[in-house]
Amino acid sequence: MSYSELYTRYTRVWIPDPDEVWRSAELTKDYKEGDKSLQLRLEDDTILEYPVDVQNNQVPFLRNPDILVGENDLTALSHLHEPAVLHNLKVRFLESNHIYTYCGIVLVAINPYEQLPIYGQDVIYAYSGQNMGDMDPHIFAVAEEAYKQMARDEKNQSIIVSGESGAGKTVSAKYAMRYFATVGGSASDTNIEEKVLASSPIMEAIGNAKTTRNDNSSRFGKFIEIGFDKKYHIIGANMRTYLLEKSRVVFQADDERNYHIFYQLCAAASLPEFKELALTCAEDFFYTAHGGNTTIEGVNDADDFEKTRQALTLLGVRDSHQISIFKIIASILHLGSVEIQSERDGDSCSISPQDEHLSNFCSLLGIEHSQMEHWLCHRKLVTTSETYVKTMSLQQVVNARDALAKHIYAQLFSWIVEHINKALHTSHKQHSFIGVLDIYGFETFEINSFEQFCINYANEKLQQQFNSHVFKLEQEEYMKEQIPWTLIDFYDNQPCIDLIEAKLGILDLLDEECKVPKGTDQNWAQKLYERHSNSQHFQKPRMSNTAFIVNHFADKVEYLSDGFLEKNRDTVYEEQINILKASKFPLVADLFHDDKDSAPATNTAKNRSSSKINVRSSRPLIKVPNKEHKKSVGYQFRTSLNLLMETLNATTPHYVRCIKPNDEKLPFHFDPKRAVQQLRACGVLETIRISAAGYPSRWTYHDFFNRYRVLMKKRELTNTDKKNICKSVLESLIKDPDKFQFGRTKIFFRAGQVAYLEKLRADKFREATIMIQKSVRGWLQRVKYRRLRAATLSLQRFCRGYLARRLAEHLRRTRAAIVFQKQYRMLKARRAYRRVCRATVIIQSFTRAMFVRRNYRQVLMEHKATIIQKYARGWMARKRFLRERDAAIVIQCAFRRLKARQELKALKIEARSAEHLKRLNVGMENKVVQLQRKIDDQNKEFKTLSEQLSAVTSSHAVEVEKLKKELAHYQQNQEADTSLQLQEEVQSLRTELQKAHSERRVLEDAHNKENGELRKRVADLEHENALLKDEKEYLNNQILCQSKAESSQSSVEENLLMKKELEEERSRYQNLVKEYSQLEQRYENLRDEQTPGHRKNPSNQSSLESDSNYPSISTSEIGDTEDALQQVEEIGIEKAAMDMTVFLKLQKRVRELEQERKKLQAQLEKGQQDSKKGQVEQQNNGLDVDQDADIAYNSLKRQELESENKKLKNDLNELRKAVADQAMQDNSTHSSPDSYSLLLNQLKLANEELEVRKEEVLILRTQIMNADQRRLSGKNMEPNINARTSWPNSEKHVDQEDAIEAYHGVCQTNRLLEAQLQAQSLEHEEEVEHLKAQVEALKEEMDKQQQTFCQTLLLSPEAQVEFGVQQEISRLTNENLDFKELVEKLEKNERKLKKQLKIYMKKVQDLEAAQALAQSDRRHHELTRQVTVQRKEKDFQGMLEYHKEDEALLIRNLVTDLKPQMLSGTVPCLPAYILYMCIRHADYTNDDLKVHSLLSSTINGIKKVLKKHNDDFEMTSFWLSNTCRFLHCLKQYSGDEGFMTQNTAKQNEHCLKNFDLTEYRQVLSDLSIQIYQQLIKIAEGLLQPMIVSAMLENESIQGLSGVRPTGYRKRSSSMVDGENSYCLEAIVRQMNSFHTVLCDQGLDPEIILQVFKQLFYMINAVTLNNLLLRKDACSWSTGMQLRYNISQLEEWLRGKNLHQSGAVQTMEPLIQAAQLLQLKKKTHEDAEAICSLCTSLSTQQIVKILNLYTPLNEFEERVTVSFIRTIQAQLQERNDPQQLLLDSKHVFPVLFPYNPSALTMDSIHIPACLNLEFLNEV
């Protein structure tokens, strides 16, 4: 393509600039062949003539279209060159605040110098499992790519992080390791991932330091291998270090620091455990005060030191070793501060024996003070014949001291690294690893020494490996697409590497010079000049003979040779090392041990540090103290680097290049000069150049067709094959066939071709735009002319009409004036005439009226005089009549009073007489007579029988007569005594009763009197209050309106707050349940990992039963504690503690219920004991078994009736008291008379029922006593009399027994009457007390009202009104509340009484029926002994009976092996109903163990099924519905009133009778929560792969989303073949499947709503998180697609009647994000609209979307930085969370509302498919 085609008008180019490196310009005219310059317009409108040389290709770089600016991947740019890369990085960094950008396989990371919220757990989970090209560039994306390739390809991976000091290498490596620790968490409980992360603060403390470029610069290189097992869980790690900068220990440049650990230790020197270190502040030590700045802004060294100690502890470093480490570090500081004094001769030095620092140094290391003092100033020379000790000069001593300090620190550094590796080592077999290389980047300073040379040498090796890997990937891509491939020429830095490491290279010559005894840096430099002066990569500086220049891949670097030899030798005198070996501290001696020193530095298994120095003698007999180590530093580094390269070559590398944007560490400040230097040094531009040499732009045929179809002709579009269309179009558009290639699935373009196509597309649009503008302008002019012509005609028409209307108006006015004059004159004359007539009539009327009134007054006076006379005469006659009548009444009253006194006296005399008592006892005597008659009748029968049998019983006749006489005599005596006693008791009781009646009358009179006075006072007060009622009502209305508004607002706020607190509390509880289930699963996993074999359980129950070992309430508290202890023994302390927590919460309620039940239970046990005792006696005495059972049953029923009667009486007393209280309130307030009378009626009815029940109890007692007497009489019979001779005596005994029985009945009746009299007197006393209490209450109320009235009189009228209104309001409020409480209490008592009465009546009926049946059985026992009675089959009562041994079979058939498909077509939740019917039968039989065992087995069986089918949605939903239904059944039939409101009478009969299963309801509720969470997890796992593809990528609206130039070029390693692409219909189908399954399983509708609310939240979270992390998805068309997809989901919710679930509200953030993408983003009003609309999005999310927003074409403007700043300013007031992404793992707390079933238990039938034939219906 010619230059004239490329450089046309409006084309934008890049030109060099001294300040900004590159500057943008625009051509103002086309370039023509032969032109020597281009006319350009700069951005500031400056016109510039830019010279060009087409022959030498010296033309400005072309600028990419705006549509490509801001791309995620630099290789996606059409024009690939330095200015394009720099500009793209600048735009992303400054305008969008994106610090990560891809450059092919390289991740470019720019240090923002600011904490960004993009590294949280939510971001990690968002990138987990995603393809590298699908998400925005991030270090987590690179880590995920490495993890994914390791798992898929089973090949080791490596991440190489490089860059300048301060560029963020350490932070990037740290975040990569954090990602691996999160997604690859260890399966066992070793916490290896925590240890890997804990190694970072340790290595930062001992290996990082503050430099001029970075406050936390790593001064060593490290390679961390993170090991994984076959399941790709972290099992261990290993660290290798390279080239520690030891010189920093003894020297720091200005404004730099030593290693952090020194300053941290000084900051913590005040701690008690560090007093022996003798440390002070860092400024006091020579080695820490070199740089002049000992602090770092924003860094607390003391806190960092504490973190370092915690990390050492976590990694297993003992406290003693930690103290030893800190002693060694402190000794280095003291060593550097030792004062060395030079002698006069200058050749020797000395150290003062009193030097405090030297003493501290020796004491901290445990060495001899004198020896170290001597050998610091002397050295030993060994020859073949003798040994010399030589003094050293001051400089030599300082160098030796510094060398010793560096060596000590290096050894300590190696020891710490070795122990970290031991802590991270694992015994498990490592399957694969991911290595993270954090190594120094290319460095160049004003003065470059040995360290910079080694660093740049390492970067040369890494760059060579990088180039070969990039080249290989490019070649693989071309081969995959089956296009021709030619070798690309790329930079090969092997010659530079050979210059450094080849034989006789720089390092080889350096080692040779180090071996020379008197070798110098100058001699070495001269050898370099001589050997390599002809090399292209080596140069000699013009002005220096001690420096040399190496031409590296990034830049030319000049090295100063001074110090190279000394640093390469790293000499330490052996005498000093020997002193350290003799230390009394084991750690110090171990650091310098011979075995340790002799180990090779390259041994990766034992020594991972590249800075290892060997100190040993050359010969075993003659020690040479000055002999240097055999292996120099350069050799060691070269060896370790080769090993590293071997490791990296055996892995798949991933590259992260860190860029430092500025040297001032300013946040989000970009310096182009510094950035370009680093881009050139780190290989990014080399990657660009390799890509540009081939075909960097790649398009799929589909995307190319959609993007450039505007360039196609109509006839070309007739072809249906898009691939052929693209080929024909490209051949016509681009003439040079070398500029593009057709691959198998993509089209490959040379650099610049996509930009050319974009230019053609833009030209096409520009031409179309011009055509449209021309047509529109012509149309507008025509419309304008037509509008003007129509306006002119209209104006003329209106003018003519106006003139005609004005003439007509003038004529009308003239005619109207004449009419007005005529009418006015006529009106004036008529008014004058009417005035005269009206005056005449008025005068006549007044005159006539005067005469009429005068006559009327005279007649009226005569009439009134007559009336007065009539009334006076009548009054006189009435007065006389009344006086006579009063006199007659007085006489009559006196006579009647006299007669009444006489009658009273007679009544008193009669009351004292015995006749009265006899009349009272008439009824009693009648009963006695009846009993006597009965006795006489029986005697007659007895006499008749005795006469018939006299022949046989003549010998006993005399005895019988004697017994009869004695019996008669005894009866007479007893009756006489009893009658006298009863008469005396009745007389005393009547006296007391009369006395109580008289007192009651007195109190009633006093009460009536006081009540009358109070009513009068109340009437007066009400009269006064009546005056204030109107004003009160007005004020009340105002107050009510205000209070209503305030209360509504406050109630809404309180409701919201309470709902929020409830949700939080429920969420916390369910999270605890979830954690509990996780701990349970973890426990099972640990148990499974144990050595397999038979393990004996400590109890007879299985281990699974212990999981839900909850006792029922019928057991004692001791049993509960024993069960809890058994749980601790069976399942461990942790789990039992959690179970005990739930148990203790419920135990409080259990105790309260047990206190109430203990009394009844004690009575029951007593009755049972009596019954058992009676049975034993019956067996011993040979009595009938049936008769004894009846007696025991009657005794039990009697006790129950007595207890219930007492309870009923107490309830009636409470009801009476409540009624009396309400009556008192009614008397004081004169309100609610109807309710009072209603309650009295209810009380009367209750009393009547109580009396009836008392009579029934009396009858029952009599019958029971008769049975007892019969049994006692049977026991007293003579056992030795034979049957023939004893029968007559038996008859006699029966006769006597009847008499005694009748006597006891009379006594019992008398006692009953006495009890009734006592009860009545007590009732009267209680009534008197109530009346007194009422009087007192009325008095207090009167006093309060009087005080209130007095206070009111003292106030002003306005205040009185206000005070009165307030008092009235408070009074009415209190009364209303009291009435409500009373009504609720009465209603509750009424329900309770009715229920108890019903139960009482039923039990009485049962007792009567049972007794009648027993008597009938006894009567017909002999007749029916040989007859077989066939029992009629009873109705099904809704219970299922099973044997204990069938429990396992029941659980297996009904739970473990049950498939949901087996129950299709049956009642939903059938297993739950069957289980409840089994529980009900166990309750019916009062079998506590059976209930407990069945419930425990059921719960554990469900858990086992769910664990087995942990990914089966249908099975999980099946058991969720059954567990919830089982829980509802336990509530519905528990007997609690709150759960029985919707039950039918039949259902109430199915309630549990003996057990309270409240604890098990809580266990089932927790199990339901666990099942629900598992259900949500399964559903989310099925939905999540569809969400991103369906919601963001699929085109729901065809043709809406335009295609823009591709972003990241997805590598073949990043993609999985055959990736699924989902559409919205797939989500809808999956939702339909979920809904169908849930409905078929009979799950409660409320739970179904919550399930879909959770699923829609997950859809919202995943979609929004991906939207926030994908630049290609943030466009206007994506917003339209999203809104359409959401509307389809909302329509589905409405179609399924799920729109009330709150699911739509969970989608609100996504809805607002879609609207944000579609809104205008230009003006201030647009910003306000966005802020008001996007209330569910946080500030960070809004800003992130705006930064990511990308136009689809160049005609749409980008969002400006100023607009984003405006949005941020307006949203500053928001208190938004700092989290960018939504928590996709969040689960709403589930609520299981009570949902009773309408089915009755007796209507449920068991299908045969369940194989439950062993269950028996009861």
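Glycine too: its Cβ is placed from the backbone N, Cα and C atoms.
Of the candidate ranges 21-40, 41-60, 461-480, 1481-1500, Swiss-Prot annotates residues 21-40 with the feature region 'Requires for interaction with LIMA1'. Cross-referencing 66-88, 135-157, 641-663, 1699-1721 with Swiss-Prot places the feature region 'Actin-binding' at 641-663. The ATP site, placed at the center of the C-beta atoms of GLY163, GLU164, SER165, GLY166, ALA167, GLY168, LYS169, THR170, has further neighbours from the same chain whose C-beta lies within 8 angstroms: ASN111, ASN214, SER217, SER218, GLY441, CYS658, LYS660. As a summary of secondary structure, the domain 'IQ 4' (836-865) carries 30 helix, 0 strand, 0 coil according to DSSP. When averaged over the coiled coil (1140-1261), pLDDT in the model lands at 52.
Only residues 6 or more beyond the boundaries of the region 'Actin-binding' (641-663), in the same chain, are considered here, and those with a CB under 8 A from a CB of the stretch are 89, 93, 103, 105-113, 139, 142, 145-146, 149, 153, 155-164, 166-169, 172, 176, 213, 223, 240, 242, 435, 437, 441, 457-458, 461-462, 465-466, 469, 602, 604, 669-671, 674-675, 678-679, 682-684, 1613. The binding-site residues examined here are SER165, THR170; by Cβ neighbour count within 10 Å, the least packed of them is SER165. Around the Cβ of GLU164 (ATP binding site), a 10 Å sphere holds 25 further Cβ atoms from the protein chains shown.
Within the same chain, residues at least 6 positions away in sequence whose Cβ sits under 8 Å from that of ALA167 (ATP binding site) are ALA109, ASN111, ASN214, GLY441, CYS658, ILE659, LYS660, GLN678. Break the domain 'IQ 2' (788-817) down by DSSP state and the numbers are 30 helix, 0 strand, 0 coil.
Each of the binding-site residues GLY163, GLY166 was scored by the number of other CB atoms within 10 Å of its CB, and the largest score is that of GLY163. Secondary structure at GLY163 (ATP binding site), as computed by DSSP, is strand.
For LYS169 (ATP binding site), the Cβ neighbour count at a 10 Å cut-off comes to 27, with all displayed protein chains included. Within 10 Å of the C-beta of GLY168 (ATP binding site) there are 25 other C-beta atoms, taking all protein chains into account. Classification of LYS169 (ATP binding site) by DSSP places it within a helix.
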